[in-house]
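S.K.: Let me begin by handing over the structure; questions about it come next.
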Amino acid sequence: MSTMSARDNEKGSARSQPSHAAASEIENVPRPSRQQSWTGTMIKVFIICACAGIVSKYIIPLDSIFKSVHIDPHDYATRANRILSTTPLIDGHNDLPYLIRLETKNKIYDHEKLPFRTGLLSHTDQIKIQEGKLGGQFWSVFVECATDPNAEIDDPTWAVRDTLEQIDVTKRLVQEYPDLLEYCESASCAKAAFKRGKVGSFLGIEGGHQIGNSLASLRQVYDLGVRYITVTHNCDNAFATAASTVAVGKPDLGLTDFGREFVKEMNRLGMLVDLSHVSHQTMRDILSVTKAPVMFSHSSSYALSKHLRNVPDDVLNGVTKNGGVVMVTFVPSFLKVDDPASATIHDAVDHILHVAKVAGWDHVGIGSDFDGTADVPEGLENVSKYPRLIELLLERGVTDEQARKLIGENILRVWSNVEEIAENIRALGEKPNEETWSGRKWTAAIDIPMPFMFKDSADKRKEL
């Protein structure tokens, strides 16, 4: 509390005392009524609210202001930075969780053994993510196909267990770095995470073998947060033929009847159907039956590089009609099948431009396959190199609007459409699909005494 001297007090008192005449005049000034005070207050509130509305409309969306700032069109680095700062670059495929499985047995909390913040030798860590301005990532919760090439589709494996472990470690990794990563299960969350300065993190399964060729397992992994499944990896399954099968001279049988049920159930759930790794006939078959847009999480152009993992032009045209997206990958053997060692960032640019030319700029994206390939093209050594890729595209005449579609707007649109279609399907009352693969072997412990539900159950149990 402050103090005043007696002199100051007297001066203050003298200054504060009005003359009798002045006091009389003050007393005679009409005071505002309660209604007038209320009206004045409301006017002030209205003005404040109006100003707040103007601020929220014109000042808060800083990304809109940033987008409108004039930049020299030949300053490609600044243009690329603006694009990446205002639109999330969402990569369709990254295998970091599999490296964690292989090298740490999914132990992530010892930051000295897994220096994710300070730098890994592989393609992805916090420093590289921030330098590359990554805005969202589909993390692959991949586990491999059966190692025995003669294994039957329904032979028991550990694939489902291992997939659950990969879902677990990926979620825990995201939780361990909340200042950088944010777990998401929807397109709207991906957008919101980017606005909060976080890298939206989503789950994708790489092959139907990982769910045991089961629609019941499909529903369970959806409930666990998985938002896309690659129909096959490098092995056939109960759903379809893989590209790798055709590569060794076996017939391309395309999508099976059960595979059609699989796609139907994915549409009902709102799961993105991923066509990377499948055979060319499987691509065409799925496009003919799906009710929702599809994605290729990490594939390139077959016209430029005759690798069976790539997408032919007729399929690109089909993707246009379907409304889907082809996310171009950086795997050297896919970019230049005849000379992978010479592949560079410029080859990736060529593939992006070809997909855009054939399918349209609304149907192309980026799916690097970082940490899923030992070799990478010169200039695309790791996640930090995205800005340079965008610069080169701008140098080749790509507009800012086209670049925004490429890096994130297209996959977000496709994802949102898949979610909306699923809501409409479920609103019509379609129930979960109960079909099972025709070659499924059911087992029963018939030696354990159990009651029967039906008269003929004894014979049926013996048939299991």
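Note: Cβ is positioned from N, Cα and C throughout, glycine not excepted.
Annotation comment: Swiss-Prot describes 1-34 as region 'Disordered'. Look at Swiss-Prot and you will find 40-56 tagged as transmembrane segment, backed by sequence analysis. Sequence annotations record features per position, and here Swiss-Prot assigns Zn(2+) 1 binding site to HIS93, ASP95, GLU206 based on sequence analysis. Residues or ranges marked as disulfide bond by Swiss-Prot on the basis of sequence analysis: CYS145-CYS235. The Zn(2+) 2 binding site annotation in Swiss-Prot covers GLU206, HIS277, HIS298, and the record cites sequence analysis as its basis. Positions annotated as substrate binding site by Swiss-Prot: HIS233, ARG309, ASP369. The N-linked glycosylation site feature in Swiss-Prot is assigned to ASN382; the stated evidence is sequence analysis.
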S.K.: Quick one: of CYS145, CYS235, HIS277, which recorded positions lie within 10 angstroms of ASP95 (Zn(2+) 1 binding site), measuring between C-alpha atoms? Sequence order, please.
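M.R.: None, since no candidate lies within 10 Å.
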S.K.: Going along the chain, which residues six or more apart from ASP369 (substrate binding site) have their CB under 8 A from its CB?
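M.R.: In sequence order, the residues whose Cβ lies under 8 Å from that of ASP369 (substrate binding site) (at least 6 apart) are HIS93, ASN94, ASP95, HIS298, THR329, PHE330, VAL331.
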S.K.: Could you check the binding-site residues ASP95, GLU206 and say which one's CB has the fewest neighbouring CB atoms inside 10 Å?
M.R.: ASP95
S.K.: Count the other Cβ atoms sitting within 10 Å of the Cβ of CYS145 (disulfide bond), across every protein chain shown.
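M.R.: For CYS145 (disulfide bond), the 10 Å Cβ neighbour count is 21.
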S.K.: Cβ atoms within 10 Å, counted per site: which of HIS93, ARG309 has the most, among these binding-site residues?
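M.R.: When each Cβ's neighbours within 10 Å are tallied, HIS93 tops the list.
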S.K.: Which of the binding-site residues GLU206, HIS233, HIS277, ARG309 has its Cα nearest to the Cα of CYS145 (disulfide bond)?
M.R.: HIS233
S.K.: Enumerate the residues of the same chain, GLU206, HIS277, HIS298 excluded, that satisfy the criterion Cβ within 8 A of the mean position of the Cβ atoms of the recorded Zn(2+) 2 site; list them in sequence order.
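M.R.: For the Zn(2+) 2 site the neighbour list reads HIS93, SER140, PHE142, GLY207, THR230, HIS233, ASP274, SER276, SER297, SER299, ASP369.
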S.K.: Using all protein chains in view, find how many other C-beta atoms are within 10 Å of the C-beta of the residue listed as 'N-linked glycosylation site'.
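M.R.: For the residue listed as 'N-linked glycosylation site', the 10 Å Cβ neighbour count is 21.
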S.K.: Centre the Cβ atoms of HIS93, ASP95, GLU206, go out 8 Å, and tell me which other residues of that chain have a Cβ in range of the Zn(2+) 1 site.
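M.R.: Residues close to the Zn(2+) 1 site, other than HIS93, ASP95, GLU206: ASN94, TYR98, PHE138, SER140, PHE142, GLY204, THR230, SER297, HIS298, ASP369, GLY372.
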S.K.: To see if you understand the setup: which same-chain residues, six or more apart in sequence, place their Cβ under 8 Å from that of CYS235 (disulfide bond)?
M.R.: CYS145, ALA146, GLY207, HIS209, ALA242, SER244, THR245
